[in-house]
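Listed features, source Swiss-Prot:
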ACT_SITE  Arg288  active site, proton donor/acceptor
BINDING   17-20, Lys39, 46-53, Asp221, Glu373, 389-390  FAD binding site
SITE      Glu118  site 'Important in orienting the L-aspartate substrate'
Amino acid sequence: MSNLDSTHHFDVVIVGSGGAGLSLALSLPSHYKIAILAKSSLTEASTFYAQGGVAAVLDKTDSIQQHIDDTMIAGAHLCELDAVKQTVEGGRPSVNFLLKHGVEFTLDEDDQLHLTREGGHSQRRIIHAADATGKAISTTLVQRAKEASNLTIFENFIAIDIITLHKLGHIQQDNRAVGLYVLDEQNEKVHTFLAPFIALACGGAMKAYLYTSNPDIATGDGIAMAYRAGCRVANMEFNQFHPTCLYHPQARSFLITEAMRGEGAYLRLPDGERFMLRFDERAELAPRDIVARAIDYEIKRLGIRHVWLDITHKSAEFIQQHFPTLYTRLLELGIDITKDMIPVVPAAHYTCGGVVVNAQSQTDIEGLYAIGETSYTGLHGANRMASNSLLECFVYGLSAAEDIQQKFEQDFNLPNIPEWDDSQVTDADEDVVILQNWDELRSTMWNYVGIVRTTKRLQRALHRIEMLKREITEYYQDYRVSKNLIELRNLVLVSEMIVRCAMQRKESRGLHYTLDYPELEQQLKKTVLTPPNFEVKQIPVNTL
């Protein structure tokens, strides 16, 4: 990549190489010139690590309305109904899109798509590729992207900021995204990417927490960049903690799929008690927020480090057939899941809030789209239901593709854009400053803004985050950009969003549980942050 010019012109630039970004890229006409920016390797995206599957109404005993109802219940009724309908109705077209591109899903004995069940779903409606669905989808779509002659892939290219007309001084015009500044990590050079259409499909922000199931790329880049560009964000207080992350010193980010509980696994305490029956009549199949809170409660009550997930009452053949990846990986760690229970703890897993978008994935800024975990469509409400997230990626990726085609003009004139200027900065003198701030931020978020919150904890968190942000901002202004500095700058901004939204919500709903306000409020409101000064307000759901 060292011979690249520093300025690149494309029709569409997509930040992110997971399911959301690749579904958009592969749905656009083949004569569009498209860039895909991957922050790491192409498959290093949350999609790759998704074990569960894609929720879709395919069985004749199931219905669109049942899937809508299940989603609304899981989301504590804070979901935007139009978004839920659009997503659920897009289930079959999304599955057809994946099949068309060659994704091989698990079939049943009749050679039909095998459907499993996960927490919150009243029916079997999860299509999957054994217990490694994300890997099957990711590797297939990546291969199709590599085969497409109109797609140019840039690996290890990290977006820094969005270029808009207003940032360039064209205040009299309606604001519009026209490009990005991007760091080529290998050559330590900042490039300018220009395009009339830019899509942020770069995942969530759960690296804000000390313990997470997410890959290292999940630093909230898209959410932070969009906010700095002038886009509203919403519902950042709702962060999902997956109930069952493996507790093992050699595998800190290893997720134990929800499908294991869907297929009958029990959660147990050290004395063998199946404790979920005390918390919810659905037991292990209760929504994730309820299960995660129950585990957190028992860990704190008993002073233990983890609970146990037990599927040993199923036959070895059943376990190896349904969970081949898990069986093999855990065996390598000395755990035979046909005989041994699995030590599990909750871990930060999914960002339910994000950049506010419409049905076409369009943000507040013309030409700028946000798709997947980066976005707030309103689908998830106060809690995401299992396997709705991959579905959302494809539904809104295809929707964004349609919108771009309708607005596409080949003679679109981009203004003159200055190259990145780092003449006034120097190389960082001590990277230990970044490392220290990174660790302090993630510990603060885990201890004060975790599964159970209080007003005092949130106030303490905000105080520390504001101090860290000042320090990081000074560092960013004084020194040459690096991957770690870009990520830390984004993560501290998104962490502040999470805390400010959490402080605004005076109730316990879904994933936001506070001891100071344990009851539900009557009105259903979403929390919206408006840039640049964190103007925060709550407005009724199903309104703009």
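Glycine too: its Cβ is placed from the backbone N, Cα and C atoms.
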Listed in sequence order, the residues of the same chain lying six or more positions from Ser17 (FAD binding site) whose CB sits under 8 Å from its CB are Ile36, Leu37, Ala38, Leu42, Thr43, Glu44, Ala45, Val142, Ala145, Ile153
Going by C-beta under 8 A and a gap of 6 or more residues, the same-chain neighbours of Ala20 (FAD binding site) are Thr47, Ala201, Ile371, Gly372, Glu373, Thr374, Cys393, Phe394, Tyr396, Gly397
Expressed in Å to no decimal places, the gap between the Cα atoms of Gly53 (FAD binding site) and Glu118 (site 'Important in orienting the L-aspartate substrate') is 9
Ordered by sequence, the long-range same-chain Cβ contacts of Arg288 (active site, proton donor/acceptor) under 8 Å (at least 6 apart) are Gly119, Gly120, Gln240, Phe241, His242, Pro243, Glu258, His349, Asn383, Arg384, Ala386
Counting every protein chain shown, other Cβ atoms within 10 Å of the Cβ of Thr47 (FAD binding site) number 30
Between the C-alpha atoms of Glu118 (site 'Important in orienting the L-aspartate substrate') and Ser389 (FAD binding site), the distance in angstrom, to the nearest integer, is 13
Within the same chain, the residues at least 6 apart in sequence whose Cβ is under 8 angstroms from that of Ala50 (FAD binding site) are Thr133, Gly134, Ile137, Ser389, Leu390
Taking all protein chains shown into account, the Cβ-based neighbour count within 10 Å for Gly53 (FAD binding site) is 32
